[in-house]
Amino acid sequence: VLSPADKSNVKAAWGKVGGHAGDYGAEALERMFLSFPTTKTYFPHFDLSHGSAQVKGHGKKVADALTVAVAHVDDMPNALSALSDLHAHKLRVDPVNFKLLSHCLLVTLAAHLPADFTPAVHASLDKFLASVSTVLTSKYR
(Lines of atoms letter the chains of each structure in order from A; the text may use other names.)
(Lines give C-alpha, C1' and ligand atoms only; values in the text may rest on other atoms or scores of the structure.)
Protein backbone atom coordinates (compact mmCIF):
# COMPACT_ATOMS: atom_id res chain seq x y z
CA VAL A 1 0.00 0.00 0.00
CA LEU A 2 1.33 3.38 -0.96
CA SER A 3 1.65 5.85 1.90
CA PRO A 4 0.87 9.53 1.45
CA ALA A 5 4.65 10.15 1.27
CA ASP A 6 4.98 7.48 -1.43
CA LYS A 7 2.20 9.07 -3.47
CA SER A 8 3.82 12.47 -3.13
CA ASN A 9 7.23 11.09 -4.16
CA VAL A 10 5.75 9.31 -7.19
CA LYS A 11 3.83 12.37 -8.37
CA ALA A 12 6.89 14.59 -7.95
CA ALA A 13 9.21 12.16 -9.74
CA TRP A 14 6.80 11.54 -12.60
CA GLY A 15 6.31 15.29 -12.90
CA LYS A 16 10.05 15.64 -13.53
CA VAL A 17 9.86 13.01 -16.27
CA GLY A 18 7.58 15.41 -18.11
CA GLY A 19 7.81 15.36 -21.89
CA HIS A 20 10.46 12.63 -21.80
CA ALA A 21 8.01 9.94 -20.66
CA GLY A 22 7.69 8.26 -24.06
CA ASP A 23 11.45 8.28 -24.59
CA TYR A 24 12.07 6.84 -21.13
CA GLY A 25 9.42 4.18 -21.74
CA ALA A 26 11.13 3.17 -24.98
CA GLU A 27 14.53 3.15 -23.30
CA ALA A 28 13.19 0.92 -20.52
CA LEU A 29 11.78 -1.48 -23.11
CA GLU A 30 15.12 -1.60 -24.91
CA ARG A 31 16.86 -2.31 -21.60
CA MET A 32 14.39 -5.10 -20.92
CA PHE A 33 14.86 -6.69 -24.34
CA LEU A 34 18.65 -6.58 -23.96
CA SER A 35 18.78 -7.70 -20.32
CA PHE A 36 15.97 -10.26 -20.48
CA PRO A 37 15.89 -11.58 -24.08
CA THR A 38 12.98 -13.95 -23.40
CA THR A 39 10.72 -10.88 -23.20
CA LYS A 40 11.16 -10.42 -26.95
CA THR A 41 8.82 -13.37 -27.55
CA TYR A 42 5.82 -11.12 -26.86
CA PHE A 43 6.85 -8.84 -29.72
CA PRO A 44 7.56 -11.16 -32.67
CA HIS A 45 6.19 -8.63 -35.15
CA PHE A 46 8.29 -5.71 -33.82
CA ASP A 47 11.54 -4.33 -35.13
CA LEU A 48 13.40 -4.46 -31.81
CA SER A 49 16.48 -2.59 -33.00
CA HIS A 50 17.66 0.52 -31.16
CA GLY A 51 15.43 3.48 -31.92
CA SER A 52 12.82 1.54 -33.87
CA ALA A 53 9.49 3.28 -34.36
CA GLN A 54 7.64 0.26 -32.94
CA VAL A 55 9.64 0.25 -29.70
CA LYS A 56 9.21 4.02 -29.42
CA GLY A 57 5.47 3.66 -30.00
CA HIS A 58 5.10 0.96 -27.37
CA GLY A 59 7.31 2.93 -24.99
CA LYS A 60 4.88 5.82 -25.33
CA LYS A 61 1.97 3.47 -24.56
CA VAL A 62 3.76 2.26 -21.42
CA ALA A 63 4.50 5.84 -20.36
CA ASP A 64 0.92 6.95 -21.06
CA ALA A 65 -0.41 4.09 -18.92
CA LEU A 66 1.93 5.08 -16.09
CA THR A 67 0.79 8.69 -16.42
CA VAL A 68 -2.81 7.48 -15.99
CA ALA A 69 -1.76 5.38 -12.98
CA VAL A 70 -0.03 8.37 -11.37
CA ALA A 71 -3.08 10.57 -11.97
CA HIS A 72 -5.38 7.91 -10.49
CA VAL A 73 -3.03 6.53 -7.85
CA ASP A 74 -5.95 6.11 -5.41
CA ASP A 75 -8.03 4.15 -7.93
CA MET A 76 -5.62 2.29 -10.20
CA PRO A 77 -7.82 -0.83 -10.55
CA ASN A 78 -10.55 1.18 -12.28
CA ALA A 79 -8.17 3.44 -14.18
CA LEU A 80 -6.19 0.49 -15.59
CA SER A 81 -9.06 -1.99 -15.94
CA ALA A 82 -9.07 -2.13 -19.75
CA LEU A 83 -5.28 -2.51 -19.83
CA SER A 84 -5.50 -5.31 -17.28
CA ASP A 85 -8.09 -7.10 -19.43
CA LEU A 86 -5.91 -6.70 -22.52
CA HIS A 87 -2.78 -8.15 -20.90
CA ALA A 88 -4.60 -10.97 -19.13
CA HIS A 89 -7.04 -12.16 -21.77
CA LYS A 90 -5.71 -11.14 -25.18
CA LEU A 91 -1.94 -10.73 -24.87
CA ARG A 92 -1.49 -13.31 -22.08
CA VAL A 93 1.72 -11.74 -20.85
CA ASP A 94 3.50 -13.75 -18.15
CA PRO A 95 3.18 -11.66 -14.96
CA VAL A 96 6.92 -11.89 -14.25
CA ASN A 97 7.52 -9.62 -17.22
CA PHE A 98 5.90 -6.69 -15.42
CA LYS A 99 8.55 -7.03 -12.70
CA LEU A 100 11.29 -7.09 -15.32
CA LEU A 101 9.98 -3.96 -17.03
CA SER A 102 9.52 -2.26 -13.66
CA HIS A 103 13.18 -2.90 -12.85
CA CYS A 104 14.24 -1.48 -16.22
CA LEU A 105 12.05 1.58 -15.67
CA LEU A 106 13.71 2.19 -12.30
CA VAL A 107 17.17 1.94 -13.89
CA THR A 108 16.14 4.33 -16.66
CA LEU A 109 14.70 6.87 -14.24
CA ALA A 110 17.78 6.65 -12.01
CA ALA A 111 20.02 7.27 -15.02
CA HIS A 112 18.08 10.34 -16.16
CA LEU A 113 17.12 11.83 -12.79
CA PRO A 114 20.13 11.09 -10.56
CA ALA A 115 19.72 14.11 -8.29
CA ASP A 116 16.05 13.32 -7.71
CA PHE A 117 16.43 9.56 -7.35
CA THR A 118 16.93 9.48 -3.60
CA PRO A 119 16.53 6.25 -1.62
CA ALA A 120 13.05 7.38 -0.53
CA VAL A 121 11.99 8.19 -4.10
CA HIS A 122 13.46 4.90 -5.32
CA ALA A 123 11.47 2.98 -2.70
CA SER A 124 8.27 4.88 -3.52
CA LEU A 125 8.64 4.31 -7.27
CA ASP A 126 9.37 0.64 -6.68
CA LYS A 127 6.22 0.28 -4.56
CA PHE A 128 4.20 2.20 -7.16
CA LEU A 129 5.41 0.02 -10.04
CA ALA A 130 4.71 -3.10 -7.97
CA SER A 131 1.17 -1.79 -7.40
CA VAL A 132 0.72 -1.17 -11.12
CA SER A 133 1.97 -4.71 -11.81
CA THR A 134 -0.46 -6.13 -9.27
CA VAL A 135 -3.35 -4.29 -10.93
CA LEU A 136 -2.29 -5.44 -14.41
CA THR A 137 -2.14 -9.07 -13.27
CA SER A 138 -5.28 -8.98 -11.12
CA LYS A 139 -7.51 -10.39 -13.86
CA TYR A 140 -5.29 -13.41 -14.51
CA ARG A 141 -7.13 -15.32 -11.80
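Any Cβ shown, glycine's included, is placed from N, Cα and C.
From a predicted model like this one, the values you see are computed outputs, not experimental measurements.
Here is what Swiss-Prot records for this protein:
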| type | residues | note |
| --- | --- | --- |
| DOMAIN | 1-141 | domain 'Globin' |
| MOD_RES | Ser3 | phosphoserine |
| MOD_RES | Lys7 | N6-succinyllysine |
| MOD_RES | Lys16 | N6-acetyllysine |
| MOD_RES | Lys16 | N6-succinyllysine |
| MOD_RES | Tyr24 | phosphotyrosine |
| MOD_RES | Ser35 | phosphoserine |
| MOD_RES | Lys40 | N6-succinyllysine |
| BINDING | His58 | O2 binding site |
| BINDING | His87 | heme b binding site |
| MOD_RES | Ser102 | phosphoserine |
| MOD_RES | Thr108 | phosphothreonine |
| MOD_RES | Ser124 | phosphoserine |
| MOD_RES | Ser131 | phosphoserine |
| MOD_RES | Ser138 | phosphoserine |
Cα-to-Cα gap, Ser3 (phosphoserine) vs His87 (heme b binding site), nearest whole Å: 27
His87 (heme b binding site), number of other Cβ atoms within 10 Å: 21
Whole-number Å value for how far Ser124 (phosphoserine) lies from the residue listed as 'phosphotyrosine' (Cα to Cα): 18
Cβ neighbour count within 10 Å of Ser138 (phosphoserine): 15
Mapped DSSP class for the residue listed as 'heme b binding site', helix or strand or coil: helix
Per-state residue totals over the domain 'Globin' (1-141) - DSSP helix, strand, coil: 111 helix, 0 strand, 30 coil
Least surrounded among the modified residues, given as Ser3, Thr108, Ser131, when other CB atoms within 10 Å are counted: Ser3
